[in-house]
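Undergrad: Sharing the record's features from TrEMBL:
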type     : residues                                               : note
BINDING  : Glu209, Arg216, Arg231, Glu260, Phe295, Arg366, Lys372 : ATP binding site
ACT_SITE : Lys211                                                 : active site, N6-AMP-lysine intermediate
DOMAIN   : 293-406                                                : domain 'ATP-dependent DNA ligase family profile'
Amino acid sequence: MLLDELVRTTDAVASTRSRLAKVDALAQLLKRLDPADIPAAVGLLTAKPRQGRVGVGWRGMSAAMGVPAAEPCLTLAALDAALDRLQALAGAGSAAERAATLRELTAAATEREQAFIGGVLLGELRTGALEGVLTDAVARAAERSVESVRRAAMLSGDLGSTARLALTGTAAELDEVGLQVGRPVQPMLAGTGASVTAALETTGEASVEYKLDGARIQVHRSGDDVRIFTRTLAEVTHRLPEVVEVVRGFPVHDVILDGETLALGEDGAPRPFQETMSRFGADAARTTVLHPWFFDVLHIDGRDLLDEPLSERTKVLESIAPAHRIPGEITADPEVAGRISRDALSAGHEGVMLKSVGSVYSAGRRGSNWIKVKPVLTYDLVVLACEWGSGRRAGMLSNLHLGALDPAGEFGEPGGYVMVGKTFKGITDALLQWQTERFQEIEVRRTAGTVWVEPVTVVEIAIDGVQQSPRYPGRIALRFARVKGYREDKTAAEADTIQALRALLRP
Ligand SMILES: Nc1ncnc2c1ncn2[C@@H]1O[C@H](COP(=O)(O)OP(=O)(O)OP(=O)(O)O)[C@@H](O)[C@H]1O
């Protein structure tokens, strides 16, 4: 299939607000695809290429942009092959070859296709919010239930291969997609509660656990082979040898564990989130030791536990990793839950998670079976621009312009970002240095005092609330926003929404 057909479909999808019409257009496209092209097409449609990051930045992309092709002639297969080549060339010494591959690719693309490829490669995730719609479209095109497609995608961690199986295999084959030790699954996520009492009303009897402010880890072990994945399913095994050692010590052969890892100080108190995350970076120095804590177990020695109630999974966890279980208790009593929350906070943790004891593990779902309660409101927002500082911060990019995701386009373009405030508070000297360099790399334009950047950087912001504001497009502004740290484990498509922030206006 020609790339042109896929790009036209994304334009049609972006131009309508009707979910049904979007699903319909995508289903038509999926049905026409050559089966071999399906995984690549799904990657492009969700702006997450099959190849992962191919290491093309804004500068490289703009340098490669030449005269576009007059007529569409680039096939999906050719684009996919070019991405394979770019990925293989990532690394030192191959800059010239990479530039030539990119130039060749853009020369074969029409102007619209060039813009599309740029958007995908730069991780400009305008279409990123499409995953739910695309899952529906796969179900429609393959005449399978949405639930069976969703489940297979969550358990395989891969919508592209799921789409191919749904469209070319039998219903039974789709239903057989299950957990596989070594292949990461989409993690279960939490809703937000205003207080432990309110959360407990929703969950009923709950496992009330410390909410540690570290990094999510999913650990797969088969014999001595241990693999660790992040929240976005990137493999980080080689970065966390101490976690590998801990898990090798558990009395099991096969296991899949879900947990959180973080750095502790000598006094046992948690170190700042940024210190944990620094261990995940490319040039990570091992100055801190990371400790793993587990709160769930999805599989043990040939037995899948996803559909077992949490109370059962907790017992299994206790039997294999008692010393590495996250602190917590099962209770229905708000007094007890309140005490656990106070203990968590006084030990320096973020808050608590309340999890319904009867709930199954819903991979990839953010529901009300898990509810987080944090005393400080924090939101993950996207940096849209940054202003040059003054005084001590002269010459440094300091004041961040913050945007919230607008999936439906209520205040602008669907999947775009709506500015909700600015802040330069809470930014350490190290972060200031980092962001000054980083933002100039992803710069898209600048005015006298401000550098505008690609909307790809997620930053965690603490706020006291929001207030009405006629100045900002979402008609609200953040109150007392301060930076907690950058969330390199999150993509911009996973940022918090303008709707979630606006909901804070209500008492
Ligand atoms: N006891 C726990 N149970 C589950 N998750 C925990 C626990 N302690 C810490 N966490 C972390 O909290 C997150 C749960 O919150 P949520 O599902 O909303 O993810 P998130 O969007 O990354 O949220 P946040 O920014 O608040 O960490 C998990 O992804 C995990 O990293």
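Backbone N, Cα and C define each Cβ position, glycine as well.
Remember, TrEMBL labels are computer predictions, not curated facts.
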Undergrad: Residues with Cβ closer than 8 Å to the Cβ of Arg216 (ATP binding site), same chain and 6+ apart in sequence?
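TA: Expected: Pro187, Thr230, Arg231, Asp258, Gly259, Glu260, Asp489.
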Undergrad: Would you mind checking how many other C-beta atoms are within 10 angstroms of the C-beta on Arg366 (ATP binding site)?
TA: 13
Undergrad: Please count the residues of the domain 'ATP-dependent DNA ligase family profile' (293-406) that DSSP assigns to helix (H, G, I), strand (E, B) and coil.
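TA: Helix, strand and coil residues of the domain 'ATP-dependent DNA ligase family profile' (293-406) number 30 helix, 53 strand, 31 coil.
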Undergrad: Only counting partners 6 or more residues apart, tell me which same-chain residues put their Cβ under 8 Å from the Cβ of Phe295 (ATP binding site).
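TA: Result: Glu209, Asp258, Gly259, Glu260, Leu317, Arg325, Ile326, Gly328, Met353.
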Undergrad: For each of Lys211, Arg231, Lys372, count the other CB atoms within 10 A of its CB; which of these recorded positions has the top count?
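TA: Answer by Cβ density within 10 Å: Lys211.
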Undergrad: Please report the distance from the Cα of Lys211 (active site, N6-AMP-lysine intermediate) to the Cα of Lys372 (ATP binding site), rounded to the nearest angstrom.
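TA: One finds 8 Å between the Cα atoms of these residues.
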Undergrad: Report the mean pLDDT of the predicted model across the domain 'ATP-dependent DNA ligase family profile' (293-406), rounded to a whole number.
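TA: Per the prediction, mean pLDDT sits at 94 for the domain 'ATP-dependent DNA ligase family profile' (293-406).
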Undergrad: Taking the residues Glu209, Arg216, Arg231, Glu260, Phe295, Arg366, Lys372, which the record names as binding ATP, find the longest CA to CA distance and state it in Å to the nearest whole number.
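TA: Output for ATP binders Glu209, Arg216, Arg231, Glu260, Phe295, Arg366, Lys372: max Cα distance 19 Å.
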